[in-house]
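The structure appears right after this line, and notes come after that.
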Amino acid sequence: MISADRMAQVDANAAALGVPRKQLMESSGNAVAREVRAVADPGARVAVVAGRGNNGGDAFVAARFLDGDGSHPSARRNGDSDGGYDTSVHLLGRAETIATDIARENWDALRRGEYDAEEVGDSRDFDLPDCDVVVDAMLGTGVTGALREPEATVAERINDADATVVSVDVPSGVNADTGEALGASADATAVEADRVVTFHDAKPGLDSLDAEVTVADIGIPAAAERLVGPGDLLPVRSGTKGDDARTYVVGGGPYTGAPALAAQAALRTGADLSFVAAPDPVAPQIQGYAEDLIVQSYDGDHLTPEQVPDLVETAESYDDVVVLGPGLGNADETLEAAKRFLAEFSGRAVVDADALPVVPEVETDATLVCTPNRKELAEMGGPEVESADALRDHADEIEAFADELGHVVLAKAKDDVISDGERTRVSTAGTPGMTVGGTGDTLAGTAAGLLATHDPFQSACMAAYANGRAAELLDHRRHDGLLASDLLDALPRALWGEDDE
Ligand SMILES: NC(=O)C1=CN([C@@H]2O[C@H](COP(=O)(O)OP(=O)(O)OC[C@H]3O[C@@H](n4cnc5c(N)ncnc54)[C@H](O)[C@@H]3O)[C@@H](O)[C@H]2O)[C@H](O)CC1
Ligand SMILES: [K+]
């Protein structure tokens, strides 16, 4: 099962892996043609009713596969009198308004190839021709809201027709995630399909329909789902910046750079305000690294359980996303404090570095993203991984560990493995230069900035990819000299687009 949003991500990942959407469209159209062949014999009359998006584009391809005048070489070889169908294509709207290049190219191919293809300017002029099969390709997963005109009227004509209706991907006007007709009214119009050819994977909403559903493999590589890619960033790229997103790094003491890097990464990733809570003696130093941060100090030179109630109260009252761990050190009192923090906190947090080993030891209501390296993973009770290259070979064990822990695990090494115990993805983004100190801190801060406005698993996937991608964007300049602080600059481009590269 796959949701429409996830499908769009996988589609974009496939393109990044070298399988562009036009190629997928060719496979989709071919699958639609096969379905028509399954419901009607050659020679039957097929009316293709297409919209101006890629759903229509799939059907233009199908028309090429279906239409025939009996002279197709394969039909002759098989001894069939006619391998083709009497196919007409009806585009709802003018060709200039076709929304995508790939759909337009397939429309142009129909016109140049002298197929029977017409533009329908006004639905009042449109008579669905007498036919045996209607291919419904008005709208697919790109539908928003109730069917507008002319689609609404045409949907009614399709439903009234005495023909087998084959819908492309999803019956037009139906929400693929819920199976409901889109629109406010209970009697919202949608096509009533006899058959649906959907692509790549089943859609949750199609099960409840009174239609026979076929899932067609359109050649999307498995890696487009398994590997985190640019498609996984669609939630950030298509979303609006969250208001008042705040992050709160509880870190510093023996170290000062780590909390500063994490807090700055959070700002680069969409947080509006980034706070650091740090011990008195090091607070000015952390502030000195970056005027963008708001540093709040507490008594003592390291975190102790005494400070915890105040920190929890501050974080919860402002709904801050916490980063617990960077630069805290591992004094017994500090580990006790980390434990107490998790026991009392019920918000969202990224847990990193020295705070990680306490996670399995504590009951918490908090929502956590844990970001261990190989060594920290083992210390937490996760799998022992023999080398930095081998992390992804242990993906199944990491999934089992995340399931047992009840939190998202982002295990970082050459390739990162991200799991919530059910879903597991691998990020191969990154460069050899990233073994330098501090890149884990920018990763934790990035995850926190994203966690302010996105769900934990998605945030962890996006953070792994963006942090690695930031290094890739810089690598042609930095090679071995990459610094974690360089990543800060490149993070926004890695997340929101690389046009200025
Ligand atoms: N990997 C894949 O999933 C592939 C999917 N393919 C096919 O592409 C469609 C989705 O295409 P998209 O262009 O995103 O959207 P649509 O064709 O569904 O429609 C967009 C089009 O419709 C207009 N519109 C939106 N809402 C309404 C409405 N309520 N009433 C009228 N018109 C509406 C909007 O303005 C746009 O112009 C997917 O379903 C598959 O069939 C690829 O071909 C292969 C890979
Ligand atoms: K459709």
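Cβ atoms here come from the backbone N, Cα and C positions, even for glycine.
Some features that TrEMBL has for this protein:
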type	residues	note
DOMAIN	7-226	domain 'YjeF N-terminal'
BINDING	54-58, 140-146, Asp169, Ala258, Gly327, Asp441	(6S)-NADPHX binding site
BINDING	Asn55, Asp136, Ser172	K(+) binding site
DOMAIN	224-498	domain 'YjeF C-terminal'
BINDING	Gly440	AMP binding site
So how many other Cβ atoms are close to Thr141 ((6S)-NADPHX binding site), meaning within 10 Å of its Cβ? 21
Does any of Asp58, Thr141, Gly145, Asp169, Ser172, Gly327 have a Cβ within less than 6 Å of an atom of ligand 1? These are the binding-site residues; tell me which, or none. Asp58, Thr141, Gly145, Asp169
Given the binding-site residues Thr141, Gly145, Asp169, which lie close to Asn55 (K(+) binding site), meaning Cα to Cα within 10 A? Thr141, Asp169
Could you state the whole-number distance in Å separating the C-alpha atoms of Thr141 ((6S)-NADPHX binding site) and the residue listed as 'AMP binding site'? 38
Through the lens of DSSP with three states only, how would you label Gly440 (AMP binding site)? helix
Quick test of your reading of the structure: among the binding-site residues Asn54, Thr141, Gly145, Gly440, whose CB sits under 6 A from ligand 2? none
Counting other Cβ atoms within 10 Å of each Cβ, which of the binding-site residues Gly56, Gly145, Gly327, Gly440 scores lowest? Gly145
Where does Asp136 (K(+) binding site) sit in the DSSP three-state scheme? strand
I want the residues beyond Asn55, Asp136, Ser172 whose C-beta is within 8 angstroms of the mean position of the K(+) site's C-beta atoms, in chain order. Val49, Ala50, Gly51, Gly56, Ala59, Ala137, Met138, Leu139, Gly140, Ser167, Val168, Asp169, Val170, Pro171, Gly173, Val191
Cα within 10 Å of Asp136 (K(+) binding site) is the criterion; apply it to the binding-site residues Asn54, Gly56, Asp169, Gly327, Gly440 and give the hits in sequence order. Gly56, Asp169
To the nearest whole angstrom, state the Cα distance for the pair Asn54 ((6S)-NADPHX binding site) and Ser172 (K(+) binding site). 13
Measuring Cα to Cα, tell me the gap between Asp169 ((6S)-NADPHX binding site) and Gly440 (AMP binding site) in whole angstrom. 42
Per DSSP, Ser172 (K(+) binding site) is which: helix, strand or coil? coil
Under 8 Å Cβ-Cβ from Ser172 (K(+) binding site), six or more apart in the same chain: what's there? Gly51, Asn55, Asp136, Ala137, Met138, Leu139, Gly140, Val143, Leu147, Glu151, Ala155, Ala190, Val191
To the nearest whole angstrom, state the Cα distance for the pair Gly440 (AMP binding site) and Asp58 ((6S)-NADPHX binding site). 44
Within 10 Å of the Cβ of Asn55 (K(+) binding site), how many other Cβ atoms can be counted across all chains shown? 25
